[in-house]
Amino acid sequence: MADHRRDLRVAIAGLGSIGTKIAAELDRGIDGLLLSAIAAREPDKRRAFLSSLRQPPVILPIEQLAEVADIVVECAPSHLLRTIVEPVVRRGKAAVVVSVGALLDNSDLIDLAKAHGGRIIVPTGALIGLDAVNAAAVGTIHSVRMVTRKPIDGLKGAPFIVQNGIDIDNLREPLRLFAGTAREAAKGFPANLNVAVALSLAGIGPDRTMVEIWADPTVTRNVHRIEVEADSARFSMGIENVPSENPKTGMITALSVIALLRKQRATLSVGT
Ligand SMILES: NC(=O)C1=CN([C@@H]2O[C@H](COP(=O)(O)OP(=O)(O)OC[C@H]3O[C@@H](n4cnc5c(N)ncnc54)[C@H](OP(=O)(O)O)[C@@H]3O)[C@@H](O)[C@H]2O)C=CC1
Ligand SMILES: O=C([O-])CC(=O)C(=O)O
């Protein structure tokens, strides 16, 4: 039988390494979804990309995207999270958030979404196994530990490194930069450790999820290893992400959002 529901309109906030790939995939066609609008800081600089799309979307400022979309995908710098997400959830719509670290300082957006019937959806992003962490959290998780190793370019400019005057440019061997909670990691590394916050929100929260961050000149990928100890299971997970054009961002992040979008109207949906 035909599906008579109208297409879900999706808007993209930020046309960087993640947003460009999602927009292109939506334009190529995802069942039941339509790219309705995008926001870019300087749309003129994105003309070549925009004119390559088969059905060019409307270009709007980030705070207006919710007016023409059912789902807004936030893939902009983290300081814009509130500007993007607030109008979406106020209208009772869904925001897909990749700058998940910024949710910790803007957690009232979750209450706002609840009050207006909106939703905030965090994709697995550059990580792995949040389905298993979600499932384990239905029971009791005793501990979650994550160790991240990144090449130097994947960490440059992080506030923790700048504020502590750490020279990572001339490293010859791995250096442990940080050990602490996911909440502290998100403050010190806002553009580098969204994954730690996503892991914490799926499991036992940002104050009990423990994180180590290494600057490692011997790796070329963003490497994350996770150990979970729960009453239902013990599991270890690892992922080695190929950096995208943005060395801080793994290529798989955009693909994870695309997979999540595909599920919105999929007849068969696999994984939690
Ligand atoms: N959850 C996860 O697993 C992961 C999350 N991330 C996070 O996702 C977010 C996006 O990452 P990524 O795509 O690599 O970042 P990029 O820097 O490549 O892209 C961000 C884009 O947002 C644009 N932008 C800036 N200001 C505005 C504005 N006012 N209106 C519209 N667009 C604007 C930028 O434009 P311009 O270039 O002109 O400044 C840029 O194109 C980051 O916060 C990153 O930390 C990254 C990896 C994994
Ligand atoms: O969490 C992030 O912001 C990015 C990251 O580690 C990755 O892409 O591997």
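Placement of Cβ uses the backbone N, Cα and C atoms for every residue, glycine included.
Feature list (source: TrEMBL):
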- 14-123: domain 'Aspartate/homoserine dehydrogenase NAD-binding' (DOMAIN)
- Ala126, Asn194: NAD(+) binding site (BINDING)
- 172-258: domain 'Aspartate dehydrogenase' (DOMAIN)
- His224: active site (ACT_SITE)
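Counting only same-chain residues at least 6 apart in sequence, those with a Cβ under 8 Å from the Cβ of the residue listed as 'active site' are Ala126, Leu127, Ile128, Met146, Val147, Thr148, Val195, Gly238, Ile239, Asn241. The domain 'Aspartate dehydrogenase' (172-258) scores a mean pLDDT of 97 in the predicted structure. Long-range neighbours of Asn194 (NAD(+) binding site) (same chain, six or more residues apart, CB within less than 8 Å of its CB): Ser78, Val98, Ser99, Val100, Gly101, Gly125, Ala126, Ala186.
In three-state terms derived from DSSP, Asn194 (NAD(+) binding site) belongs to a helical segment. For the domain 'Aspartate/homoserine dehydrogenase NAD-binding' (14-123), the DSSP-based tally of helix, strand and coil residues reads 58 helix, 20 strand, 32 coil. Counting every protein chain shown, 26 other Cβ atoms lie within 10 Å of the Cβ of Ala126 (NAD(+) binding site).
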